[in-house]
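Taking it in order: structure first as structure tokens, then the write-up.
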Amino acid sequence: MAVTATVPVRDRDDLSLAYTPGVARVCAAIAERPELVHEYTWKSQVVAVVTDGSAVLGLGDIGPEASLPVMEGKAILFKQFGGVDAVPIALDCRDPDEIVETVARLAPSFGGINLEDIAAPRCFEIERKLQERLDIPVFHDDQHGTAVVTLAALRNAARLTGRALADLRVVISGAGAAGVAIAKILLGAGIGDVVVCDRRGIVSADRDDLTSVKRELAELTNGTGLTGSLETALTGADVFVGVSGGTVPEPAVARMAPGAFIFAMANPDPEIHPEVAARHASVVATGRSDFPNQINNVLAFPGIFAGALRVGAKRITESMKLAAAEALAAVVADELAADRVIPSPFDPRVAPAVSAAVAEAARKEAVTR
């Protein structure tokens, strides 16, 4: 990675404009009209990729220094796929309030904040507090990027098989960052019935061991009041979404409804091997690039931020995420097939389509400057 100039500094005249004394005029203009910072600096085209290194890929809590290569890789993907500049920032702190305060103090330099690889449940608190405090988009990609791509794939799987979203019963294995966000976006998209499971089974209102996040989830989901194990939840279900790791036995998915959709997204090992899942499902997706239908966040976050930055969005709303998922699903169009319910990250249509949809949704919702 490197920071490069977009204008040359070839002589004394260029130097006097790039730095003192010419830059003083720009500073004075921004001091008089602070909104000009978006026009006169890189603020409107750069995001911070922020982590505390507490939940990095499948590596777990490896700390800030060891997480830096992942943040650098994320910054490269922002630029490569969305044309968005990004700066990796690894914080040596774990207290949510300290992280919020640190990011808030850094925020004047950036047009958006991408939170990355921060462990649940504090990731929810950190994102919420930053969204309340800042007037720029704050987006925890492990939650919402995964949710957007999952919804896009599910939309196309339903379209392929002629089913309505409202008629689907979805079981999500995992009540962490991704599982919570997926549940919420699916409900927002009109999915008829969503049940979430954690290590102890179905997240239901009768349990006395739930965190505040899971209590909210119990109120939003499981409308039929199911209790028991993941295997119980899967009986007759139309969709399985796995974001927790662990193994789901074949007999459990065999009890799902005919023509089920199985999204086994754990990395590096899916909850159930795709070849086994295919015996019981009409559509199978994973989080891996060596199988068809990879649920990959890179399909979402570059375009989402590009669209938000383009129109000066102050936040990324649920409507903007739903629009991103719909646009991503539409990219597949006539190429739709059981092994192609989601486009390739290298499809050049992806980021422009997502960006345009997000920008339009932001304008409609009047969350732009």
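We number each residue from 1, going along the chain as drawn.
Just so you know, glycine gets a Cβ as well, placed from its N, Cα and C.
Per TrEMBL, domain 'Malic enzyme N-terminal' is recorded for 1-131. Across the domain 'Malic enzyme N-terminal' (1-131), the DSSP tally of helix, strand and coil residues reads 72 helix, 18 strand, 41 coil.
Contacts of Tyr19 (active site, proton donor) defined by a Cβ separation under 8 A and a same-chain sequence distance of 6+ are given as none. Per TrEMBL, active site, proton donor is recorded for Tyr19.
Per TrEMBL, the feature active site, proton acceptor maps to Lys74. All protein chains considered, the CB of Lys74 (active site, proton acceptor) has 22 other CB atoms within 10 Å.
Taken from TrEMBL, the feature divalent metal cation binding site covers Glu116, Asp117, Asp142. In the three-state DSSP reading, Asp142 (divalent metal cation binding site) counts as helix.
Taken from TrEMBL, the feature domain 'Malic enzyme NAD-binding' applies to 143-363.
Per TrEMBL, (S)-malate binding site is recorded for Asn267, Asn296. In sequence order, Val149, Gly287, Ser289, Pro345 are the residues of the chain that are 6 or more apart from Asn296 ((S)-malate binding site) and have a CB within less than 8 Å of its CB. In the three-state DSSP scheme, Asn296 ((S)-malate binding site) falls into the coil class.
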Item to check | Spatial neighbours of Lys74 (active site, proton acceptor), counting only the binding-site residues Asp117, Asp142, Asn267 and Cα distances within 10 Å | outcome: none
Checklist entry - Could you tell me the C-alpha distance between Asp142 (divalent metal cation binding site) and Asn267 ((S)-malate binding site) in angstrom, no decimals? => result 13
Next on the checklist: I'd like to know which of these binding-site residues, Glu116, Asp117, Asp142, is least surrounded, judged by other CB atoms within 10 A.
Outcome noted: Asp142
Checklist entry - Averaged over the whole of the domain 'Malic enzyme NAD-binding' (143-363), what is the pLDDT? => result 96
Checklist entry - Which are the residues of the chain, Glu116, Asp117, Asp142 excluded, whose CB is within 8 A of where the CB atoms of the divalent metal cation site average out, their centroid? => result Thr51, Ala55, Val56, Val70, Leu115, Ile118, Cys123, His140, Asp141, Ala177
